[in-house]
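So the structure is just underneath, and the comments pick up after that.
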Amino acid sequence: MFDSLRQFFEPALIGLFLVAAICYAVYRMSFAKSIQQALKAADNQYAKPRDKKQKQAYRLAKMQALEAELNTGVKRKVYFFADLFWILLIVVGVRSFLYEPFVIPSRSMEPGLLVGDVLVVNKFSRGLRLPITNSRLTDGAPIARGDVLVFKYPKDPSQSYIKRVIGLPGDVVYYDNRRMTLNGEPVVLEKTNETQQQTVLNTAGQAVTVNYEVLNENLGGYSHTIQYSQYPPNQYRPREWRVPEGQYLVMGDNRDNSADGREFGFVDDSLVIGKAARVILNFDCFKGDGNCDRFFKKIW
């Protein structure tokens, strides 16, 4: 649902902004001066209104002056959209070049990120991009190993995914039965005292409780938590990847329950939306289902 809204919202927002920009230009070039003069005349008529009655008369005079100038339907529509120009300019600027919201749709990034988490995606730290086309404008800081990226799904760019960067351009990554090497060096996993539980449906449609072991994974000096199920999956055969230039290998932190680069391959740089920076809140808190400790939580 969030992806369908995002797919509609971005072009709609840009389109509305362009309409507002055109109307603002028409307004400034045609009847802005006459409106300003009419409003100034109302100001002079009721200079410094003191009591409530004078203030009401002053507001009424300004409304009447404005209505007298906006004496056609076209003028009223142009003025309405022109009035939105600066607000839309700020919204488009922030959303297109600085920050964008993202809602976690699945369990693939547990234990760190939960279903219903609303994230802020930083779109400028890893380089500014054009809206809609997503073409790079600036390089920014290079994407780093361990970054949590929001990107367009390579097989269907209308969908947005969130995963962690495992392999950078030039890296050689080998994965075999939960054992991973990065450029020939084993990726270190450290045990923690944490465990997670999930209730899932088995192949017979029965609810079963699955235990997960939480581990600290060290990727070349960058540490974060991942989890493995008590039931190892069999869909990941031993495989080696050589990451091409301009692409990335990504995986979910919930390693046994994540559709990621092990299935769909590499993520091209042109598909990257931004780096997940912080959890703002979790929707469960508003529904009374807990997770009220998620406010402004930094993403590691």
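Cβ atoms are placed via backbone N, Cα and C, with glycine included.
Per TrEMBL, the feature transmembrane segment maps to 12-30, 78-98. Summarising the annotation, TrEMBL assigns domain 'Peptidase S26' to 83-278. Per TrEMBL, active site is recorded for SER108, LYS163.
On the 0 to 100 pLDDT scale, the model's mean across the domain 'Peptidase S26' (83-278) is 90.
Counting same-chain residues at least six beyond the ends of the transmembrane segment (78-98), those with a Cβ under 8 angstroms from any Cβ of the stretch are 10, 13-14, 16-17, 19-21, 23-24, 26-28, 30, 35, 70, 122-124, 128-131.
All protein chains considered, the CB of LYS163 (active site) has 24 other CB atoms within 10 Å. According to DSSP, SER108 (active site) is assigned to coil rather than to any helix or strand.
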